[in-house]
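**Student:** So TrEMBL has the following annotated:
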- 238-254: compositional bias 'Low complexity' (COMPBIAS)
- 48-323: domain 'G-protein coupled receptors family 1 profile' (DOMAIN)
- 238-263: region 'Disordered' (REGION)
- 31-60: transmembrane segment (TRANSMEM)
- 72-89: transmembrane segment (TRANSMEM)
- 109-127: transmembrane segment (TRANSMEM)
- 148-169: transmembrane segment (TRANSMEM)
- 189-217: transmembrane segment (TRANSMEM)
- 273-300: transmembrane segment (TRANSMEM)
- 306-331: transmembrane segment (TRANSMEM)
Amino acid sequence: MEYEEYYYELEYNNWTYWRGNWTQEEEKPYLIHYLVFDVVLLILTLVGNSTVLVVIINVAQRSRMSFYFKNLAVADLLCGIFYIVPRIVRHCNDGHFYGGSTLCKLQEYLANVGIFGSITVMVALSLDRLHLLLRPFGSQRVRGKYPILQCLLCWGTAGVVSIMGPVVFEYDPQYKDCYLDLDKTEYKIYFHTIFVVVFIIPTMILLICYSVIAVIICRVSRKDTGIESTEIPSSNRRQLSLLSSKRNSHSSGSEQREPTLSKSQTKTIKMTFLIVVAYFCCWAPYMIVTLLVIHGLIYISTPVNIFINGLLPLNSVVNPLIYVAFSSRLLKKFRKKINRRLCTTRMT
């Protein structure tokens, strides 16, 4: 297969099939696989992220973490509605798009806003966890302007970057298709720009962020281990006791919150780290393989192309699963609240 033909299959009709020499019998199995896979992704994305929003709004405390996760869930919902739904519609229409030029550009823009918004909110969430470790007391304000400003910046950045979508996508009235209207050279420039902005820059920020977090945790762990293993001379025990009493009398409430805060920090850092790992696992195969393909270094078959393209929306499915896995206490509170409402309704 020539490069131009495969490039056409990979991006011109990005999530359908290559209009080449295949027969309908050869095309049909792949379209069925696409359709089933995307329908499952859509259901999981809508149910998972809607559940996260409902739980956070009803039972979660007003915190920075819940605020970021609400924005992340909204971004993943946008991805499901404007990225996966158009794919399903095109599968049902044998790969054709009947929405016209305006709808083509609009759905491409909104899909990119959801995808890029999810990435930028994830980066902001990771930076907030780092800020929480560096300045724990300054970061404990439940109602602060910084998370709001950060999320506004995230959505603004996603909105600006997403403008590339409507610019490069066009509607073909002859083939009834919403396609990427770029030649070979232009497509290389376009993809390298996406590769750097959407993958390289966020990955570098996240790598630096969690490297610093790992160093801080190691230092704190070593410090705590050193304190526990060091013997206190008898001559200093009286002084240590007086200092401890003075600290406790100064702020007993703050001292009692330290163990809980430490567990909370550990839990949220683990949660955000898993979200970052899921992002890398979903985006790295597509970005790396596509980069190799457009430079003619490898060729992948259609089933592999289906699998790699399906990993991108899979990220919107994994994020709510990670949140639910770390929020069993909130889910119990939510179930109790629902049961109380049901009991009240039955009694009335």
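Each residue, glycine too, has its Cβ placed from N, Cα and C.
Just so it is clear, the model here is predicted, and its values are computed rather than measured.
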**Student:** Are there residues at least six beyond either end of the transmembrane segment (72-89) with Cβ under 8 Å to its Cβ atoms? List them, or say none.
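**Tutor:** Answer is 15, 34-35, 38-39, 41-42, 45-46, 48-50, 52-53, 56, 97, 107, 110-111, 113-115, 117-118, 121-122, 125, 158, 275, 312-313, 315-316, 319-320.
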**Student:** So what pLDDT does the domain 'G-protein coupled receptors family 1 profile' (48-323) average out to?
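**Tutor:** Across the domain 'G-protein coupled receptors family 1 profile' (48-323), the average pLDDT comes out at 81.
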**Student:** Find the member of 109-127, 189-217, 306-331 that has more C-beta pairs under 8 Å to the transmembrane segment (31-60) than any other listed stretch.
**Tutor:** 306-331
**Student:** Which one of these stretches, 189-217, 273-300, 306-331, has the most C-beta pairs shorter than 8 Å to the transmembrane segment (148-169)?
**Tutor:** 189-217
**Student:** Residues of the same chain, at least six outside the transmembrane segment (109-127), with any C-beta under 8 angstroms of its C-beta?
**Tutor:** 65, 68-69, 71-72, 74-83, 86, 150-151, 153-155, 157-159, 161-166, 198, 202, 205-206, 209-210, 272, 275-276, 279, 312, 315-316, 319
